[in-house]
Amino acid sequence: MSIVCRADISKSTNFQLKHNFTIFKDGKLVFMTVSNKGDAQYEIPMARSSDTGEYECTVEAGGKTKSSNSLHVWVTGMTKPILTAEKKEVLEGEVVKLRCELPEEVPPLYFVFRKTKMNSTPKEKFVFEPYKNFSVVEFSVEEGDNILQFDCFGKRNVKLEFESSEYSNKTLVTVREPFIKPTLKAKPSSNITEGDRIQFECSTVVARMHDIEIILQKNRTILNSTVYKYVDEYSVRDEKLLKYSALATLEDSGEYLCKVEQGRTSKTTKLNVVVSELFPKPILAASMSKLDENKELTLSCSISGFRKANFSILRKNSNGDIWLKNSRNLTMRVNVNDTGSYICKAEVKGIVKESRPVRINVYAPVSKPTLSVVSGLPEVVLGKPLRLICRSVMGTPPITFTFYKGNNEVKKVVINDTYATFLDENIRPNDKRGYKCDARNNHSSGMKTSNILNVTVIVPIRNASLGSIPYGEVEDGSETAFLCSVKEGSWPIHFRIFRKTDRDILLFEKSENADRVMWRKEAMNRQDTGTYYCMASNRANVDVKSHPITISVILAAWQKGIIAAFVLIPIAGAATLTLWWFLCKKKKAKGPSMEMSGSALATNLTSEKLTRQHNDGDYYTGSSYIEDSENHMKSTDESNGPDLESAEVEYTEVEVSTLDPHRAPEQKGTETVYSEIRKS
């Protein structure tokens, strides 16, 4: 096959141009040449399937390069594979290693190996080799394989299509047995009677082998086994034997298996054994299965159609059966501890058979039951469920407990215990009917009934409130009564009164068989001002809190009078001292020349002093004014009396004249004098 690359180049007639030709297959360089001609040829002397692929050429001339379109070449057919086997002769359980090669083929390749038995369908194995043109596989040699024929062929993928080679040469492999199929015998026979001794023999012939195991089993239970570690491969074929013997019973009937194994090789032989029954299982009968304690019980053991046997009666126990008597009959007076399962055994010719167990129940009578509340006290909170327990201290379970509410049956339960419980979720405020229960079991004494249990229904506290007398404002030192009450709740009720602070202070607490309680605080003081509330609770264990009230402690009337007296008396004293000081000062300023009888003048001055104005040009003497002021204060004080604290003070400014002893006429001057005029 030739791959030809031609270059179409335009040039001058006499111009010589060198061409560089490069040919690629599947992107890989396979040919390169330089020529003066316009074409180049890549010669393949003998085409193979490996020459299949995409070809492309590139031409470079005069510094210019061009590439051709790709050309797909498909070389059909593949080389014939070559198959070789590692061994020509093998033993059962060994493996045959095969090597299949496709000379001159390029991976990736697929290999198919075939194993063919005589007159059977070939078994195939597929192997993918992405990087090699050969593959190696192993075939196991199984039991029954004799002469094996092997061959192989190859495949390759061309444009999503598979192309297969022809089959390789055929290789024959001979298989030998490491041991023959075992034989299994039963002596004296495979059909025997129970009580007879039976012996099993499992044997095989071994050649050139080691680690051979012989196993005798029934179903999946191994009865006996042995392992032969080594057998000389040059010795004569050797027989290996496994024995097992036992006293035959009915349970020994069935299929037995003799198995010989070595490595992967296993051969088996089966034998069916039938053991005939010597005598049937004994039957245990009881005079009664349920009876009262201290009653008499008789147990009898028998074999149908067979009387010559050794009998024994036993009681079943988890730690081992308890022997009672070697006899076919047993009579005893029972108590509660004799409750249980009993069996009898019969022995003939060393064969022991056991009867089916018989259950005996011995009952003690139930005692009078007691009915109580699970929580302890015979009471229940309204809206909460009530759980009752009925207990019978004595009595053999199962016990039937029946609960009654009033005269109505509300629950019946059968239990393997000495107590039962009942949950009553229908509790009403006026529900005052008593509860009772009765108990009975299989004892002939019959039913026992408890005493009637009366249950108190506790109504939780509802709507607590707090009030006080007086309400709101309280005089200091006076008594205050606090009343805490509830709208609803069962007695006794526990009342508590608190005053709110950073940490609430408990002031009073008391339990009363009433819906209210009163607390009197005899002397309130300013520190008692604050917010108060009360809490109430009963056996329902729910604290109900009232709305808070506010108490303000104010001054009493006599405290206000004392405060007024302490404030006004110092003020009046200070005013009197001021007036006295002022009068004394004026008398000293007047002197002896100003002395007057003052009878008529004082009267005139007194009548005129309030009507004159400063611009009249007249001057009043200081003494006349002072005397007038004194008389006026006296009359005012006498008329006012105790109304001093409510009097008002008025101030009047007047002008007075002063004589200058060194000059004449008189020098006019002004001096302000304050006079208190008290009004009611």
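Positions of Cβ are set from backbone N, Cα and C atoms, glycine also.
The feature compositional bias 'Basic and acidic residues' is assigned by TrEMBL to 660-669.
Each residue of the domain 'Ig-like' (178-274) gets a DSSP state, and the totals for helix, strand and coil are 3 helix, 67 strand, 27 coil. For 178-274 (among others), the entry in TrEMBL reads domain 'Ig-like'.
The feature domain 'Ig-like' is assigned by TrEMBL to 280-359 (among others).
Summarising the annotation, TrEMBL assigns domain 'Ig-like' to 369-454 (among others). Using DSSP to sort the residues of the domain 'Ig-like' (369-454) gives these counts of helix, strand and coil: 0 helix, 43 strand, 43 coil.
Residues belonging to the domain 'Ig-like' (460-552) score a mean pLDDT of 89 in the model. Marked as domain 'Ig-like' by TrEMBL: 460-552 (among others).
Look at TrEMBL and you will find 612-680 tagged as region 'Disordered'.
The transmembrane segment annotation in TrEMBL covers 562-584.
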The domain 'Ig-like' (460-552), counted residue by residue under DSSP: helix, strand, coil: 3 helix, 55 strand, 35 coil
Summary of DSSP states over the domain 'Ig-like' (280-359), given as helix, strand and coil counts: 3 helix, 46 strand, 31 coil
